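S.K.: Next up is a structure, given as structure tokens.
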Amino acid sequence: MSITRSAIRSSLCLRKLDPEISRSSLPFLQEWRKCLSTATEQPPPASPLPPPPGGSPGEGRFYGKFSGFSKHALKTDIMNVLEGCSLTSDDLKFNYPRGGNLTPAAVFVQFPSLSAYDKALRNIAKKGKLYRLEKAARAQWDPIVPYEGKVVALHGIPVNAITDDIDRFLSGCLYYPGSIQFLTVQGLGTSKRVALVRFTSQTQAMNAYITKNRNFLLNQRITLQVLQ
Amino acid sequence: MASHLFTRSRISLLKTLKPNPFTSASPIRAISGTPFLSQDPLLATESTDHDPSNHQSTSTPLPPNPATGSPLYQENWRSPIPNTPSFNQSLVPLGFLNQAPAPRIRALSETLDMNSLLNMFADWTASQRWSDMKQLFEVWVRSLDKNGKPNKPDVNLYNHYLRANLMMGASAGDMLDLVAPMEEFSVEPNTASYNLVLKAMYQARETEAAMKLLERMLLLGKDSLPDDESYDLVIGMHFGVGKNDEAMKVMDTALKSGYMLSTSVFTECVRSCVAKGRTDTLVSIIERCKAVDRNKSLCPSWILCNYIAEVAIQEDNSKLAFYAFEFMFKWITRGEMARPSVIFSVDEGLVVAGLASAARTCSSSLVEGSWTILKQSLRGRKAANPASYIAKINAYASLGNLQKAFTSLHELESAYADSEKEVVEEMLSPFTSLYPLVVACSKKGFETLDEVYFQLESLSQGDTPYKSVAALNCIILGCANTWDLDRAYQTFEAISASFGLTPNIDSYNALLYAFGKVKKTFEATNVFEHLVSIGVKPDSRTYSLLVDAHLINRDPKSALTVVDDMIKAGFEPSRETLKKLRRRCVREMDDENDDQVEALAKKFQIRMGSENRRNMLFNIDYSRGRALNN
């Protein structure tokens, strides 16, 4: 029940953000730019922020690096593995290495206390030791940009595809048309095109994943991946 | 003080007196003991030394002078003679032991018969005395038995000999050379003999020779037919050197003949098929393993099962995905039975992907398998994610199984009945999440829609009534999609009249959509005004649908008015809506309103792009080509 409630709360938190975004595009664009340019904005907030939280809440926090999960793992799956550690969706950040092929290398977890971290280690031992959990520093946690399950990556985009083709592929889904951006990721010796699309909510992103995955775009089958 | 001194002096006197007898006794004993020890070895070795020692021993008791005793004592201790015989005695047995094996082996070969030799070889196998086995066998076959005839080994005895050679590092060629002489002893090689040769080939990775030997075994037949071990060795050999095609062929033969595969060979085969993307081949192999009782227990590792599932879902091979989930189910069950228990769980993201694949491939078994393993993983302690339910509904909708689809919808509504209203509305919206269900309801037009409606009506009047606005919304939108306004309106009215429920915003949106499609713009506007008047809050889609209604009526001015109302209500017009509006303005050559649309696009920073692809079709000049041809 606690996990369900935390899941509901996390969805509530996500839900609260939506009206602000839908009412006007300016906050969304600003927030999006902030997410994309976190690296440059990190130094200025670092200096004023550390003193106040360092006193009381900073000491209780403990960070871990979780690995060994499969490609299809969701945040709820990892919260199920780390059961009883009082984690919410916001306490998990999937790390997608820049320049990689959008395969998550690890998940950085923010534990409320050291005892929660120890309990997580015991849970992993109980699960057959399929996973690994290591200590991590806060410096590793802060720079990661969370996608919150709202961004979908379209793998296998043809070379001659344009934004209109992506629009047609995603017809019927609720997404932000202006958020379509193309990347080039390095596969096995060859570079591939990937399109990132931001949806209005987690539900819409999963709906697109369920209905549009492995469909055709200009004679090519597209593989969708929901970034967590 | 004086008494103490006196007592101490007495004690000291006693101490000095007591040792005297011991000291006098010990030399006597020493003297008496030494002559006996020295006399025996002297007698045993040399007679020349005997006389002087005897002489000295006889002279010892005559003079009581201690001066003569001490030289004798020293002389006895310094004499090196007693040590030499013991040293010689210790060397002789070692030499004797070193010389023993050859004669001993010869003796054993002359006395042992075949059964005794078999037992001895069995013992030596346990202690790994390969060299002795080899030598004894080679001597034995050259010896004669009790009746004076040459010894003849049987195939079991010869196999021991082959194994000894194999363990001593014989190559495959050497092993084959050793098998050849079996004919001279009138012994036919059997399967075990050839398996030993195959092991040598396995170590040397000689795949071609192994294939030829396997064919030879098959040709000879009878006692030398290949068995489980033969096939395992050959298949494992081919996988080891990367000849996967050859390995598959041999495995095909083995499975046809009903042989049992080893876990390592099965795992290697699975890994190879998955890596090469041969999902159909893997399905075939798994199915044939299931058909044979002895191969039913084969199961890849947990990590490999996950990998199989991922590849199967990627390739849309529903059978392979089902088998992967089945293997995982075995792991989960086995883990729970173990002590201490190991808790395996399938990732829900993988199950969602599996359900989506089931929808694409219309595989009902994969739907059932996915959902079963998801429930097993959650262990009843947590509800599945909404995405899992939506994927399941989508799968059943694509299968055309509407009854199960609505049952799944019921499960979703029950699981998240306590959630936030807005979240539930988004999950249960017929325009997005449940749209596949809407399409399925409209598959045969009014026929399917009526059937579904009557089913829902009967369910609502049953013992455990099931009433769902979301289900009825699907029917209304289905009617709208098929331009069936009357049915849509009747279903909308039935929400409150027959089911006793309250329509939500999706109900009104669907009805508004139905009116708009058949150009009843005035009625659509009335629906909008009605829902606003009774306090239902319109959402972004409500305004978009109203804009569409006006555009269908070719009234861009009224549509723009609705867009303005939309903006006042705090919503942002979507790119699609603005593009539709611009298109209608262009068609109507309404430049004034077109400018307003452009202004709105700039205001909300929406890039509308061009209409090149649409204009290609719209501006086709049919007569131009003919003119050119003429």
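These residue numbers are counts, starting from 1, taken along the chain as shown.
Any Cβ shown, glycine's included, is placed from N, Cα and C.
Given the structure is predicted, the values throughout are model-derived calculations rather than measurements.
In case it's useful when we look at the structure, here is the feature table from Swiss-Prot:
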COMPBIAS  B:67-77  compositional bias 'Polar residues'
REGION    B:42-79  region 'Disordered'
REPEAT    B:154-189  repeat 'PPR 1'
REPEAT    B:190-224  repeat 'PPR 2'
REPEAT    B:227-261  repeat 'PPR 3'
REPEAT    B:468-503  repeat 'PPR 4'
REPEAT    B:504-538  repeat 'PPR 5'
REPEAT    B:539-573  repeat 'PPR 6'
TRANSIT   B:1-115  transit peptide
S.K.: Could you give the number of helix, strand and coil residues in the repeat 'PPR 3' (B:227-261) as assigned by DSSP?
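M.R.: When I sort the residues of the repeat 'PPR 3' (B:227-261) into the three classes, I find 28 helix, 0 strand, 7 coil.
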S.K.: So what's near the repeat 'PPR 3' (B:227-261) in sequence-distant terms, Cβ-Cβ under 8 Å and 6+ beyond its ends?
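M.R.: Distant Cβ neighbours of the repeat 'PPR 3' (B:227-261) are 191, 194-195, 198-199, 201-202, 205-207, 210-211, 214, 217, 268-269, 272, 276, 281, 285, 288-289, 292, 294-295, 298.
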S.K.: Could you pull out which residues elsewhere in the chain have a CB under 8 Å from any CB of the repeat 'PPR 2' (B:190-224), counting only those six or more residues past its ends?
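M.R.: Those are 155, 158-159, 162-163, 166, 170-172, 174-176, 179, 182, 230, 233-234, 236-238, 240-241, 243, 246, 250, in sequence order.
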S.K.: Counting only residues 6+ away from its ends, which parts of the chain sit with a Cβ under 8 Å from the repeat 'PPR 5' (B:504-538)?
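M.R.: Apart from its flanks, the repeat 'PPR 5' (B:504-538) reaches 425, 428-431, 469-470, 472-473, 476-477, 479-480, 483-485, 488-489, 492, 495, 545-546, 548-550, 552-553, 555, 558, 569.
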